[in-house]
Every structure is written in structure tokens, then in C-alpha cells.
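Record features (TrEMBL):
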- 203-369: domain 'Helicase ATP-binding' (DOMAIN)
- Cys428, Cys431, Cys468, Cys471: Zn(2+) 1 binding site (BINDING)
- Cys437, Cys440, Cys455, Cys458: Zn(2+) 2 binding site (BINDING)
- 449-625: domain 'Helicase C-terminal' (DOMAIN)
Amino acid sequence: MAFARVALAVPLRRLFDYKIQPDTQPQIGCRVLVPFGRNKVVGIVIDLTETSDFDNNKIKPIIEVLDRQALFSAELMKMKHWMVNYYLCPPGEVFVNLLPKRLKEGKPAKLLAETIWQTVEHADPVPTKAKQQFAMHQFLSQNGPTSESLLKQDGFSKQIINFLEKRGAIQPAEIDYSERKPVKITTPEVSLTEEQNIAIKEFRAVQGFATFLLEGVTGSGKTEVYMRLMADVLQNGQQVLILVPEIGLTPQTLQRFQARFNCEIVALHSELNDSERHNAWLKSQMGVARVIVGTRSAVMVPAPDLGLIILDEEHDASYKQLDGLRYNARDVAVKRAADNKCKVILGSATPALETVLNAKQNKYKHLKLTQRATATKVPKIEVLDIKHQPLKAGLCYGTIEAIKHHLSNNNQVLVFLNRRGYSPALICHECGWVCKCERCDNHFTFHKALRQIVCHHCGEAAPPPHQCHDCGSTQIVDVGIGTEQVFDWLNETFPEANAIRIDRDSVRRKGELENKLAAVAEGKHQLLVGTQMLAKGHHFPNLTLTVVVNLDSALYSADYRAAERMAQLLVQVAGRAGRSEKAGQVILQTHFPDHSYIQTLITQGYQKLQTKLLEERKQMMLPPYQYWTIIRLEAQMLEKVQQASQQIEHLFNQHIVKHYTNVELFAAMPAPKEKRAGRFRYLLVFQSDKRSMLNAAISQLVISLEQNQFSQQVRWTVDIDPQEFN
Ligand SMILES: Nc1ncnc2c1ncn2[C@@H]1O[C@H](COP(=O)(O)OP(=O)(O)OP(=O)(O)O)[C@@H](O)[C@H]1O
Ligand SMILES: [Zn+2]
């Protein structure tokens, strides 16, 4: 072979040819070091050819072949090609950018030395009084040698490790990864419910590739189902990949897997440092790790013996990447399972409409858990009409009384509000001037404790104004409610409840969230105020009341997905209440108690609302009945985006649409948030009921756009299957 075609981490939708040096044999899927401009860069060999379309004399040689063996299997290479073609992205995004940093820098694909801890036999017992040390020691004696990195992700700090070592209770261990030990599986404590049994049977009855939607109400024991199915695959000598929306939020999930499966487990997520990620990625790639728990991008981690993919909370918005490579990990997971001829489970209490439609059309097999696994029932949502009611920090009398009641019974209360800060706007009491971020044309949010106003779109922050910018009045007042305000009021009113606030402002430092959640679990706080962060995955046995302060804006949003999102969020937060013996209560405050979405959800449940929303989408010809692609335009000057939008419209109508009659330009318009961070934004929405047609048409369009002269001043991006209408 004379030439290698190489993917490089550059924003160009093409590959680059390099000469292969004599006596070197790069393989497809290997890293190579090549000259690019004045630099040397690391790329991945995509193809080997005898000929090149470029002037052969100008083609430079490969400097060095970095890997003897391919980093990616043939199946994974195939899937990556699919991603490049489907998401119409530069190949480097998929082939190079997803590598751990050290591999991207060309360092050897070898495991780095790491510290592994094990208990010391016959050591003095760790006193139970040293709670955390005791817990970690117990954890280690149950689970066997565990890497320091994983221990930290389980919520044990370096300090605890140091204490235990000083005490002589733990010591470093060595693990020989070349030896593949069979996975030891702890016998489960619970016996399955009938519904769990049926789901498992149906799953096992299918051979080869299949996609399953496991729709189970909150607390129905989906995780238990996952673990039983994982056991099958692990015993069979295969690897399992489990994707979750966030790992930091729920260290207990990781601990549950470790407690059940005694084998090498790795976690892959954004909070790892470079060497931790390097090792976790390589352990998966080498087949050392048998269970890989990860967030979005882990969907593409190499795993030679992959036997099952599980994607938990499949409706979660975090599976879709919103910049750079705009892929949806859920769709990639299904594709990957198909290529790999294995099964994939999408689990959720509130599945996304597109997944539900796939299940209705029998593309996915639908497994259902309609009851909680424990004796408790999913609490009913009570609607409180707050029209004309006096509110204290956004809370009405009925809500406050309920909070009092639950607190006096020594239970925990969760107050949920999807808005950070003290209040979402500052205005002038005299003339109505609104304090706005000029770069975004968006209200500044007032953060009282920080003494700042912050734009939640671009992050711009400033001290709050003393005077109105229009009339000079000093009467600046805040309007609307954020978590900080609710928290302040509750804290003053119920001081003995030791309220805690959990949102992105209050948990900034690493480990802070884990500590706060642990304190809640230990019962140190009776009142929790927070955002999305508190909505999912947590299991607080003493929590009996959930209050949803306000979700009204979702009922009248420009984004057609807002109602679906609202319902999902509501069901998830509601599901936090009454998870143990004690019955739960959920209060939803609203100005629109009779709104048909709310009524359907409350009286007939999420599934009925799903059906209703699906019917609406069908009538209005919206996704998931249509496929969408959005091309977003952005420029410093409004005229530039407008011109570009017209040009693209013209290009599409004149040259492209005739070949793809099923594809239409649905809208070309300013984005609902037209200005962001000083740039004007436009959207072009294309749609079709044929996915492949839409893809082919947009692919044509993208080729033309790449050659277009406006691309210097106007930034454009392609978003296939967008999740946000913005
Ligand atoms: N068959 C069973 N019998 C008794 N308890 C069970 C059973 N299955 C699961 N549980 C328990 O029920 C609780 C909820 O289970 P799990 O966390 O698996 O539910 P889930 O469906 O994943 O919940 P969510 O979606 O709300 O996070 C856990 O404490 C779990 O141990
Ligand atoms: Zn801004």
C-alpha cells in the first residue's frame, strides 16, 4: 500500500492523504503522527490505498506509526463512519477528538501506574465511630481491591484513604490484568416482582440485536432488572456498557453495581482527570473492564467484547450534545448495538416521544413496569391554583401549611424550582426599565448573596445597578422568584429544618454536591431547595413531600418540546417523594390548573399525556413524525445573518429541492433567542418524513456551504435531529 487516508482533528469535512514509509505497516484504526502545515499532529488511519487524487509528489510521508494494533475494531470503525455521514461532521470530530488527551497527544496506548487499595488482614478493626472510614473499609472488604480513582468516584475522599492507611487498615495492592478472572456475582437480596420477572423473560427470549424500551414508573426497580440482565452477559464473558445522564449526581448507582458485580468496573465521565480517563478508556478498549459506566461520550468507547448496552433515563436531554459534534448518544447506542449484534435497553419512567413512537411501531420492544417494587404507591400530584393568592417567596398558603405538616412529622421536604438566583429580573419601579444583558437581549438574573446580576445565556456578570439607566430613579425592584429567594424565606421561616440549597450556584466545587447529598441522606437537613439537580435518581427514604413551585412557562413555550419536558420533569421530581414506607405527597402550584396538559397528566398519567402529545405532533406534522435538521447561522451583524439565510434559502430552492422532493424548508427565521453573547442568530429548519432523503439533501447543501464565501463572517452549524428549537 502506498498511501494512508487519515482523519485529523481539524474542522474540515475531509480526510488527508499521506505516504506510507517503507517497512512501516500502519493498520486501519491506528494512530499516526503526520505533518500538517508547520505542525506535527496525531491522526487516525481510515483507509489504505494504492492511489491518491492529489499530486503524488506533494504528498508528505507519515512521520511515525504510533500503534501496532488498531485502537478501534472493524465494527466500531463502521459505526464511526456512520456518525460522520449521518451527523455530517468533520471526520476528526468522531475519530480523533473523542480520544483521551494523552492518546490525542500521541503518547503510548499503555495503562498508567495507579494506586489500588485493599484491606489488611488481621488488622485492628476500624471503630464504627469513624463513620466514613468504617464505610470505606467495609466497602473494600466486600468488593476487594479497588483503584483509588474509583474509590473517589464512590464518594470516599483522599483524606479517608490516608486515615485508613495510617491506621494500617488498608494497603496498596497489585492487579494482574492479563489474567481474566470470572465475574463473581453477589446473590441479590430481593426476589423479583412479577412485572420484573415478565420483563426479564421477554428480554431473554430474544436473540441477537434488538432495542428494548423499559418503561417503568419511578421506583419500579428498573435498576434491578438491568442488573439481572447484566449478570447474564457478564457470566457469558462479555462486557456491559451502561450510560447514565450524570455520574457525579448519583454515586450510589456506581456503588450498587460494584456491590453486585465483583469485577473490573470503570466510570467514564467529564470529572475524571486526564490520567484517570486514559486508564478507564484503555481498560475498556483492552477488555479489562467488564462493566463500563459512563455519560454521553462513553457511548463510543471501544469495548471488544461488548454484549449489552443500557441507557438509563433515556429521555434525558444530556444525551444530546449541543455543540461541536451534535450527536444523540441514544441513537448512537441503538446503532452501535445493531452493528455489534447485541441488545440495547432504553430505560425511563418518562420515555421521550420519539422512543415511544418507535415502540408503538414495533421497532422497539416495549417492556413495562407499572408498579413500584416496594410496597409504596407513586404519589398523586395535587394541583394548587395560585391565581389571586398571596404568595410568600412564590409559595401559597396551602403549600406552606403542607410543608409545616411534613416537617412536624420529622420528614424531609423537597421544594423544586427550575430557576437559579434570587429573582429572574430587576426592573425600575418608576418607569419599568428592565435590566438586560445587551449582548443577549435577555433579563439579567439577580443573585443576591453574590451581589451580582448574571446573564444565564452568556454568563456576563456585573454588580447590580443602583439607578435606572433610563430615568435615573434609585427604586430598583426585583420581580419573580429563584431558588435563592425561596431558600432564604424557608430558612428564616423554618430555621429548625436546617434547609439546604442544591443548584449550580451552591455546588461549584468538586465533591461539594456529593457532600451535600450525603448530608441530606444522613438526615442533617429536613428542607431541600433546588433545581433539576434534585429531580432524578436520588433516593431519600425520609422525603415525603415534593413541592413544584412553578412550571407554567413550559405550557406556553415557543419550543414544541416544552410540554413533553415539563411532564417528564414533573413526574421525575414527584417520584422523589414517598419512596420508602411513608406515603408521599406532591404539590404542583400553577396559574393554569385547568390546562389540558396538566389535567391529562394528573388525572390519567404520563402515558395518556404521551398519547395526546403524539397526536398533536402528528396533526401539526412535527417530530417524531417528521425528521428535522436545523442549520443555525450566527454573525456579529444582523444583515450578515439575514443575507446568509436568504442565500441558503435560494441555494436550497434552486438547486437542491428538485432532487429531493420529500424535503422541505420548513422555516427560515430569527432564533427565538435571537441575540446571544453579542451575536445575531437565525435558524433554517428543514424537514422530511424520510430520514435518508433529508440526510442526502442536507449533505448536498453542506458541500455547497463549505465553498461559500459568506462562511468567513457567518458561522454556520448543522444540527441533525435537534432537541432544541432555538
Ligand atoms: N423486586 C424487588 N423487591 C423489593 N425491592 C425492590 C425490588 N426491586 C427493586 N427494589 C428496590 O426498590 C427501590 C427502587 O428500585 P430502583 O432504584 O431499581 O428503581 P428505578 O425504577 O430505577 O427507580 P427510579 O427511576 O425512580 O430511579 C430500590 O431501593 C430497590 O432496591
Ligand atoms: Zn448575555
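The backbone N, Cα and C atoms fix where each Cβ goes, glycine too.
Automated prediction, rather than curation, is the source of TrEMBL annotations.
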**OP:** Using the structure shown, find which entry in Cys468, Cys471 (the binding-site residues) has the sparsest Cβ neighbourhood within 10 Å.
**Re:** Cys471
**OP:** Starting from each candidate's C-beta and looking 10 angstroms out, tell me which of the binding-site residues Cys431, Cys437, Cys440, Cys455, Cys458 has the most other C-beta atoms.
**Re:** Cys437
Original post:
Which of these binding-site residues (Cys428, Cys431, Cys455, Cys468) have a C-beta closer than 6 Å to some atom of ligand 2?
Top reply: Cys455
**OP:** Enter the number of other CB atoms within 10 angstroms of the CB of Cys428 (Zn(2+) 1 binding site).
**Re:** 21
Subject >> Residues flanking the Zn(2+) 1 site, with Cβ no more than 8 Å from the Cβ centroid of Cys428, Cys431, Cys468, Cys471 and excluding those residues themselves >> reply: His429, Glu430, Gly432, Trp433, His469, Asp470, Gly472, Ser473, Gln475
**OP:** List the other residues in this chain whose Cβ sits within 8 Å of the Cβ centroid of the Zn(2+) 2 site residues Cys437, Cys440, Cys455, Cys458, in sequence order.
**Re:** Glu438, Arg439, Asp441, Asn442, Phe444, His456, His457, Gly459, Glu460, Arg676, Ala677
Original post:
Taking Cα-Cα distance, which of the binding-site residues Cys437, Cys440, Cys455, Cys458 are within 10 Å of Cys471 (Zn(2+) 1 binding site)?
Top reply: none
Original post:
So what pLDDT does the domain 'Helicase C-terminal' (449-625) average out to?
Top reply: 90
Subject >> Rounded inter-Cα distance in Å - Cys437 (Zn(2+) 2 binding site), Cys468 (Zn(2+) 1 binding site) >> reply: 14
Original post:
C-alpha of Cys431 (Zn(2+) 1 binding site) to C-alpha of Cys458 (Zn(2+) 2 binding site): distance in Å?
Top reply: 27
